[in-house]
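Per TrEMBL, the features are:
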type: DOMAIN; residues: A:73-279; note: domain 'ABC transmembrane type-1'
type: TRANSMEM; residues: A:12-32; note: transmembrane segment
type: TRANSMEM; residues: A:72-97; note: transmembrane segment
type: TRANSMEM; residues: A:109-129; note: transmembrane segment
type: TRANSMEM; residues: A:141-161; note: transmembrane segment
type: TRANSMEM; residues: A:182-207; note: transmembrane segment
type: TRANSMEM; residues: A:260-279; note: transmembrane segment
Amino acid sequence: MPLKKYTFGQACIVAMISLFSLACLFPFIMVISGSLSTENDIVTHGYSLIPRHVTFDSYRILILGSNRIVDAYVISAIVTAVGTVLSLIVTSMGAYAMARRSFRYRNVLSIYAIITILFNGGLVPWYIICVRYLELKDTMWAMILPPLANAFNMFLIRNFMMSMPEDLHESAKMDGAGEFRIYAQLIIPLSTPVLATIGLFVSLGYWNDWFLGLMFVDKQELQPLQLLLRTLISNVEFLRSSSNSMDIQRIAMQLPSESIKMALTVVTIGPIIFLYPFLQRYFVKGLMVGAVKG
Amino acid sequence: MKIETEAGRTIARARTKGNGVVRELIRNRTLLLMFLPVATLLFLFNYLPLAGLVIAFKNFQFTEGIFGSDWASPILNNFDYLLSSETAYRAVRNTILLNALFIAVGLVFEVGLALMLNEIRNKYFKRVTQSLTFLPFFISWIVVGVFAYNLMNFESGAVNRIIQSLGFDPIDFYSEAGLWPFILTLALRWKVTGYGTIIYLAALTSVDNSYYEAASIDGASRWQQMRYISIPLLKPTIMILTLLAVGRIMNADFGMFYAMIGDAALLFPTTDVIDTFVYRSLRKSGDIGMASAAGFVQSIVAFVLVLGSNYIARKADRDSAIF
């Protein structure tokens, strides 16, 4: 009977997938556990999956002890909210112009947008333009503006809009609506599925971004959350690796730095973990949309 | 209905024909106005940097700006400088080798996971595991860097704890350059396998079930069905995605490298890539000439590769190319 072999293979597959899934989950649990552990436990026993002594000290220090964390959180939240909203408005308007069949030169607009996907000036000119000409250095706009207009997202929205029947426009026109009114009151409400998915991707990008902060923000009070996390980690690493002096190493050990790092990590990924169960299927759906040729 | 509007449109088009470009533009001024914000942003952040590529041929002075700075003399001075740099050579080599490794291993993982998930009949199990494998995609590389540090740091890292409990000496991962190509590959797989799998899985679920039914009636085992139906049907998708990845082989994921390696110079021999090299030249050592020459080479080669791979992709399958 081939049935027996088949079930063995099936079992192997289930085992392999389970293992990989657990491996994907494992670091999250370890970080959460680390953030709840006492510093002593981490130093003597290392990280474990279940904290030996549960304590919320690191969170307390995080929130009470440092304005920078709260500031960074606010900065990241503002950048994400403003960036996402603006990005959706700008790209959907552009997409609408590219999608209108009555406009003979809409393909010229598409080519203008496609070129930005293909050609790339690279980091250096981009950096110099942003700093020297647009004066974005040490402003919050530096973290919002550069990724705002995304040609690829615009094409996804355009394709969605172009799948709507042309009659829609004509009847609205008949009723005396202008292009902008058709866009705002008719097309946008009908485009919510695609706008929701792209909005999620864009907001995830803003929330997880630290590259723009790294490039443009030297002021400490403007640093986004991710960058703060990075700074905290590399500083401890720096202390650990850069000196042979036992004194400094001991000081670095005594700070509850490990559990604080873990707590900050949890805080950073918090919104994502919290929203993930609800959002995940939208992302998958959006990816499918993207996979079917932009 | 359809015919009527089609005819109406043709008439409308005929009526505007010959009215000239200006007339057409004025008629669509609202649309143009709506395109204006996106056009401006793309101009500022994409077109201007393109023009800024000339920096590679200039002796850039910050106060003079891109177009005010003098031309380098000799004109290829920045490139001479770049070519004589050992570090630059190392960065190019690392970029290509690491990306090749990432592409090859990625292919195996992503197609493998998609094929395995496709074999799962239990819907609930499938959904939960897919959610779990997709989860790491949502966190930033910075956080992945923390995870990696958790696992591998010398004193309290979980991996070293395990090594020690087995009676071996702990490894100081952050000074072992030779291990990092594998660590990076693993980290990248951990983060993006779930994401990469989705497209393959989408291709697999769209396969007509009657293929499999016919095959099983003919006595094909699950393994044979996978080998002779699933994999051949995935082949176009695999080819296109791989080609496009090859087109980007000169570009590294800066986020990954910077978050995982940071400024750990000990690891540069195997992990320094063009992107991190350019970043360091620009922001750390302030060596704009070198950075711009390296960036220029990267942009040009990347452009040729994208066009080339897209050309081949289109030859293989018209619908799958980007353009």
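A Cβ is built for glycine as well, from the same backbone N, Cα and C atoms used for every other residue.
Given the structure is predicted, the values throughout are model-derived calculations rather than measurements.
If you look at the transmembrane segment (A:182-207), the same-chain residues 6 or more away from its ends with a CB under 8 A from one of its CBs are 76, 79-81, 83-84, 87-88, 91-93, 96, 143-144, 147, 150, 153, 156-157, 160-161, 164, 168-169, 172-173, 271-272, 279, 282-283, 285-286, 289. Same-chain residues lying 6 or more positions outside the transmembrane segment (A:260-279) and placing a CB less than 8 Å from one of its CB atoms are 28, 31-32, 34-35, 37, 58-59, 61-62, 69, 73, 200, 204, 207, 225-226, 228-229, 232-233, 236.
Across the candidate stretches A:12-32, A:72-97, A:141-161, the maximum count of CB pairs under 8 A to the transmembrane segment (A:109-129) is reached by A:141-161.
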